[in-house]
Amino acid sequence: MSKHVNKLNPRQREAVLHIDGPCLVLAGAGSGKTSVITRKIAYLIEECGMPARHIAAVTFTNKASREMKERVSGLVKGVAARGLTVSTFHNLGLNIIRREHKQLGFKPGFSIFDAEDARALLKELMLKDGDLDSDHLDLVANQISNWKNDLTVPEMAASKAQSTGEAQIAEIYRRYNQALKAYNAVDFDDLILTPVRLFSEYPEVLARWQRKIRYLLVDEYQDTNSSQYLLVKLLVGDRGGLTVVGDDDQSIYAWRGARPENLFLLKKDFPSLELIKLEQNYRSTSRILRVANHLIAHNPHEFEKALWSEMGLGEEIRVIRCANEDAEAERVAMEILSQRLKRQIKFRDFAILYRGNHQARLLEIKLQAHQIPYSISGGTSFFARAEIKDVMSYLRLIVNPDDDNAFLRIINTPRRQIGTSTLEALGHYANQRQISMFAACHEIGLAEHIPAASLDRIQRFCHWLQHIGELCRGAEPVAAIKQMVEDIDYEGWLHQNASSPKVAEKRMENIWYLLESIKTIMQKADGEEITIEDAIAKLVLRDMLDRQAEEDDLDQVQLMTLHASKGLEYPHVFMVGMEEDLLPHRTSIEEDNIEEERRLTYVGITRAQKTLTMTWAGKRKQYGEIIETSYSRFLDELPEEDVNWEGMGQHNPDANRAQGSATLGSLLSMLGGAKPK
DNA sequence: CTGGAGCTCATTTTT
DNA sequence: TGAGCTCCAG
């Protein structure tokens, strides 16, 4: 038997060997799904003789795609792996659009608007419109994204509108798309949607891509939305060269348009689908899995699945009642300190998981107080920082002069004495002539609308930027960008504006870090030539940023949301805030979305390898007032015999559910609540 | 254009 | 409670 399968268990082996038709692998948490995908790729290349360039593996995150690339290159050596596609959905979409940009009517160097850019554009459109105020920004942005993910074009949205409100949003949607087109830009959703439309409209283009991608593997399939599924379906065609791996119990992104039912739809679209379940878990103790299975059994299931492991029974799950959220954070900190000594383990063996980012703040304070090193993943992203957005806008404008949004962001940053009236006149002129603002700057006719002094300043800026652009396409792009930052004296501008020199220095450091990243990306050109356009696109798609990698090696407790923890594992896991209104979150209770919250809890539990500790606070400060809480309903869904309850006296669902039983715990909580701060 | 007072709104967020 | 915003006075 092949070397690629003899380390696998029988189910995994079956999943790797089944190549004569579509294959759905239901892979429970920790069941070795990445092994299956990577070994299947190796098997296809080395045993089936399929050239690597005809195989594509698609993931959702850059992290997953990076890991997959690494693991494949460990299995398939050298030239045999050349041309293999391992990328995120969005990256694949980007590559398709790039190759076919002419057909699609995009100029090369088109911009990619991230979520933030898209919102900024929407805000502007809504402001101009007046019908909708920007209070609804979130709603509108979400609705448009949902429409795009469900393949609904503006005209369809308008005709299906149920209310005037919806019709208004549909109108904004139309203008939003129009603006993107004018800016020669796409948003994240378009990266998937555009290839789908292309393939539906041009069968010959689709055929070409089908010839290229003969075998497709998709990771985390439960997270696909409608347009992603359609993209998969189109690429696979009726040849059935498809393996998808997923777990319906780990679907936690339905609120973002993911369609976990895509897992079962597969059966309809591919009748010959082979279903393989991976139930052996290589991560956790049997106790942890029993608890996880017991919990998730409360959800309805299309496919029954029960995880098991050979890792031994393991310790009981602890559920700890704390007086309030302060005591909870304190308790977790103390647990980490004592467990670390008792078990002789590292800080990095611990993770603290929570529902909402705001819960991290108190934990941070307590960890700091006890000098426990930690790192938080998530929070304000690097790319949300104003200085990064500024430099990125310069770069975007260099690559795509039609990007009016980028133009407007940086035309007067740093100050160039180009005021609103000048820009209004310029915008008006550009609009009339149906050209971009940058292009309008070069027109002779503009002199009639703008005072000579302003015009001169604007044109000097444009010429300078063009000059930098030429340098960027030369031999030393990074040097050119550095030159650009120096030309505009961005550093001086930062110092002038920042509240302290320290802040300015920090911001400048971020910019140097950005330039370093660009340098790395351009150097990593293994064989293929990477243009400045590619580098910027990679940055916008958050690819190739090795921030996290440095931190992974440090000995730090990991703090993150339950969502962010998917796919990760830690020896000792704390889940905090196990309360009604928090873990099932209140809005989910109101919207009757308990099942997804239960899956979220399931994801949290299955992150743990050795021990799992859940905490909850009897009282919690919420919007400034102290609220009596009751513990999460999910705690009652855990098997009694595997759980050790602390601070609640005898655990008794019926009596304890409501307040009032005079247990030691409730007495303590009364003390805690009454104590002055 | 900046800074401070006042108002309002509180999930999750792979790309 | 407190972060993030708008709005108005300088």
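The backbone N, Cα and C atoms fix where each Cβ goes, and this holds for glycine too.
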Listed co-binder of ATP (same site as A:ALA27, A:GLY28, A:ALA29, A:GLY30, A:SER31, A:GLY32, A:LYS33, A:THR34, source TrEMBL) among A:ARG256, A:ARG259, A:ARG283, A:ARG287: A:ARG283
Pairwise C-alpha maximum, in angstrom, for the residues (A:ALA27, A:GLY28, A:ALA29, A:GLY30, A:SER31, A:GLY32, A:LYS33, A:THR34, A:ARG283) that bind ATP according to the record: 13
Other C-beta atoms that fall within 10 angstroms of the C-beta of A:ARG283 (ATP binding site): 21
Integer mean pLDDT for the domain 'UvrD-like helicase ATP-binding' (A:6-285): 91
Other CB atoms, at most 10 A from the CB of A:ALA27 (ATP binding site): 29
For A:SER31 (ATP binding site): intrachain residues, at least 6 apart, with Cβ closer than 8 Å: A:LEU278, A:GLU279, A:GLN280, A:ASN281, A:TYR282, A:LEU307
